[in-house]
Amino acid sequence: MTSGFAEFLLRRIVGFAGVLLVLALMIFILARVVPGDPARIALGPTASAEQLAELREEMGLDDPLPLQFVNFLGGAIRGDFGNSLISGRPVAEEIAGLLPATLELVLATLIIMLALGLPLGILAARYRNSWFDAVLRIVSLAGVTMPSFLFAILLQLGAAYYLTDWPILGRMSREFSDFSGATGLLIIDGLLAGRLDITLDALRHLAFPALALSMSGIGQIMRITRSAMIEHQRRDHVQTLRSFGVPGRIVTFRYLLKLSAIAPLTIMGLEFASLIGNAFVVEMVFSWGGFASAGLEAVMQKDLNAVMAVVLVSGCFFVVANLLIDILIGLIDPRLRMKEAR
Amino acid sequence: MSASSEEIKVLSARRMAWMRFSANPVAIMGALMVASVILAAIFAPVIAPFPDHAGAVIDFRNKHAAPDATYLLGADKVGRDILSRVIFGFRVSLLLVAGVLIVAVPIGGGLGLLAGYFSGKIEAVITGFTNVMLAIPPLVMALAVGNVLTPSLTNAMIAIALLWWTWHARLVYRVSKSVAAEDFVEAARLAGASHWHILTREILPNCIAVISVKTTLDAAFIILFGATLSFLGLGVQPPTPDLGTMVADGRQFLPERWWGVLAPGLAIFYATLGFNLLGDGLRDMFDVEV
């Protein structure tokens, strides 16, 4: 990879750091300036004035706001978000325990989105304006317009009536509940431990939540891939290949696909923000017990420290995903590597 | 070229756009669906079979009544007609859409316009800020706002509008920047026109098509987003009938009493699909990229 691309990535990293900084500032202002005393939330309505003062002192709530922000930021960088106002345990510890569940769900979703969205988009472009294209257009529109919680519920409902032994709640069956592995990703842990039954069980549990979560992304990717393929088909270099007698299949898969993958990848980066949001809902419907459902609980109980951590970690998710996508696009598209070198 | 031939040209361009739109059956269907939702929302008290069921009515004899001749879509856990509540639910959804767009479109559009027209510091600050805001997962932000404010329709509006303007800023910025480089803008400047005149009379009219397409598509996503918020318990509070809240309520009685979930769920789908089809149709009609 050229040094120009390295410079481009460096600039993106600095930009993303800026994003996280502003996000931290916003959530801090929201949490501190808006009425509601964190110490009061932690201790409940029966606490005495001395107890409150003591906890406020301990949490640094009486410091000037800029100092509080610096302390909060310093802690966040070290991965220290203070203690949960409800359980009293370190927030970082609680989140770390729940992160693998969400990671597994999100990764599976991304794989499904690409594995279905790209090929269907290619097919739609290839058989453009046929009945097949029309059906796919309706499917993709349904994916984009139907709320993900409705998809999740419909899948559960379908299973309840027609697939009665298919699991619709949780991450694995109760008989395996004492199993735990190094990575926390059950599918991988099952393989590492040589327990194929566990991997299979985890996959069965994962299928519906991941499908429900990926529907809107499948629709988006399908649409974008279709229009990108159609647009690139008209370009001169593709026409040249065709006139040289290169078979259509090779033109499509070796040349067109590479070019047309850039737009959907870019969209995926932006989509990632709503993916995280929808994960909250899908995790709730399927009792997934991940980071997102924990965040929801924190919001309901007004656990400010946990909410701040959840928002920042979600932001990190988004930033890292977009960075990876930038790298991927750079690998696919040499023009970007060259252009950014300037 | 004389003034009269110019006028004919404008008319025919408009007519051609309308012909493109009306020749598109999908767009017409979208327009009809949107019209039906809006009419249902406006005339809810007249259309709904049981208008009083939009409130805190309790009728335990008809608790969870299955769909029949009286309750076309069944009844909910306290015996209220689901159809009536769905019709009133459209009202709440559209109120939310209106509230968010009234705030988000002018702010986003205005900032985008400024950033595209004035290059340099103003552009850098606005686009930088917009990009940062775009990177915040909206639902996560709404959760944070929901955490510090009590859940209600107004606060849901605030939470959504807080991030929604960014999309309009980005879009209008793109159009405004390319229009600002056109000759007629330079001509206006040379003729001594003020910034205000150039922004509102020369550049803004060129952004209207993009803004209206985006706003139509937005309506769909705001309905979806609002439903998701209230499904999570962070939006509209009972007894106000809200589609997302109704789905959440009905979910407790699955799988036997499926109508409690399907009716409001499909109502959300119907409204969002309508706005999406209409938005796609408008996009083809104006021939713009959104």
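Here the Cβ of each residue, glycine as well, is placed from N, Cα and C on the backbone.
Under the heading transmembrane segment, TrEMBL lists B:21-44 (among others). Proximity of distant same-chain residues to the transmembrane segment (B:21-44), defined by a Cβ-Cβ separation under 8 Å and at least 6 residues beyond the stretch ends, is recorded for 51, 54, 87-88, 90-91, 93-94, 219, 270-271, 273-282, 284-285.
Positions annotated as transmembrane segment by TrEMBL: B:94-117 (among others).
For the transmembrane segment (B:124-143), the residues of the chain that approach it from at least six positions outside its boundaries are 111-112, 114-115, 156, 159-160, 162-164, 166-167, 169-170, 173, 225, 228-229, 232, 234, judged by C-beta separation under 8 angstroms. Marked as transmembrane segment by TrEMBL: B:124-143 (among others).
According to TrEMBL, the feature transmembrane segment maps to B:149-167 (among others). Non-local neighbours of the transmembrane segment (B:149-167) in the same chain are 92, 95-96, 99-101, 103-105, 107-108, 111, 130, 133-134, 136, 138, 141-142, 214, 218, 222, 225-226, 229-230, 233-237, 240; each lies 6+ residues outside the stretch with a CB under 8 Å from one of its CB atoms.
For B:219-238 (among others), the entry in TrEMBL reads transmembrane segment.
Taken from TrEMBL, the feature transmembrane segment covers B:258-278 (among others).
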